[in-house]
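**Student:** Here's a structure for you.
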Amino acid sequence: MSVKQLGYLIFECRADVLEQMVVVYQDIIGAVVERDEGGRALVRLDGRPFRIRLDPGPANRLAAIGWNVDPSDLAAIAEQVEKACYSVVTADAELAADRAAAQVRQFADNDGFTHELYVESSFPTDPVLESLFVCGEEANGIFGLGHLVVIVADRAKTQSFFTDVLGFGLSDRVTWPEADIFFLHCNQRHHTVALSAPALGLKPGMVHHLMLEAKSKEQVDRAFAAVKRLGYDVLMTIGQHSNDKVYSFYMMAPAGFAVELGFGGQVIGDLESWHVGFYDAPSIWGHELQLPAH
């Protein structure tokens, strides 16, 4: 009984930032972005109506993290969350439809993140997008939309919540002078969430970065070139990570967090036999930190 995958993310953005984020996802990352009547931007990486949604709002913030669960596990996981002293609210049909979900249960954690346990509604395939992104359920396992690195006040308590309540496993730990991060998995993706204590100038409740995974190295290289061509800031140059072996770069998104686009992430074939790793550097090569251009 555990979360299956990171199914969707909802961000609120100021109007000017929302338009800039559309450029990030559509013109740099290569996703499909559709607009609805309310001015929201729906970012598609596969056939689901959205994997990332950008809602107009007064501030830039992560509004909801959608955790996909099996229908048979929803009530039990929600009960476990309640036992961990978090109040769980069953969303009505209108909110579930807004999330393109069959059922949704919400709770907020101590760092201010809103989590949504949801049962997926059926959606069509999209062969074009599915040829571009590692997302959702693939032939070799479940991967979800990508991974999220967040800043938390009490890392040990938060890690325990993810592992003991939501059913995640510890992938590895990377410790270097600037940060100390724990990486957690819930499926074949090396990590779906990573937890950091306050570091790198970030405070609890903030997002360090969102990672999306391309299916070709060329996609990453083209996106890296597009960042520069379109005048956005590179946060870290192309490099390869030590723990999940991803080839990637990071750009600084206008919404106040980084977006990583990677290729070739390590796959966890057998969750039961995974051995936790420990690393003293986040990258094997590259990923050189860049000063903002403006």
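From the backbone N, Cα and C atoms, a Cβ is placed for every residue, glycine too.
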**Student:** Which one of His147, His185 goes with His209, Glu260 at the Fe cation site, as Swiss-Prot has it?
**Tutor:** His147
**Student:** If you count Cβ atoms within 10 Å of the Cβ of Glu260 (Fe cation binding site), leaving out that atom itself, what do you get?
**Tutor:** 23
**Student:** Give the residue from the binding-site residues His147, His209 that has the most other Cβ atoms within 10 Å of its Cβ, counting over every protein chain displayed.
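**Tutor:** Max Cβ neighbours within 10 Å, all protein chains included: His147.
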**Student:** With a radius of 8 angstroms around the mean position of the C-beta atoms of His147, His209, Glu260, what other residues of the same chain does the Fe cation site pick up?
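**Tutor:** Output for this site, in sequence order: Gly146, Leu148, Val149, His208, Leu210, Met211, Leu212, Tyr250, Ala258, Val259, Gly262.
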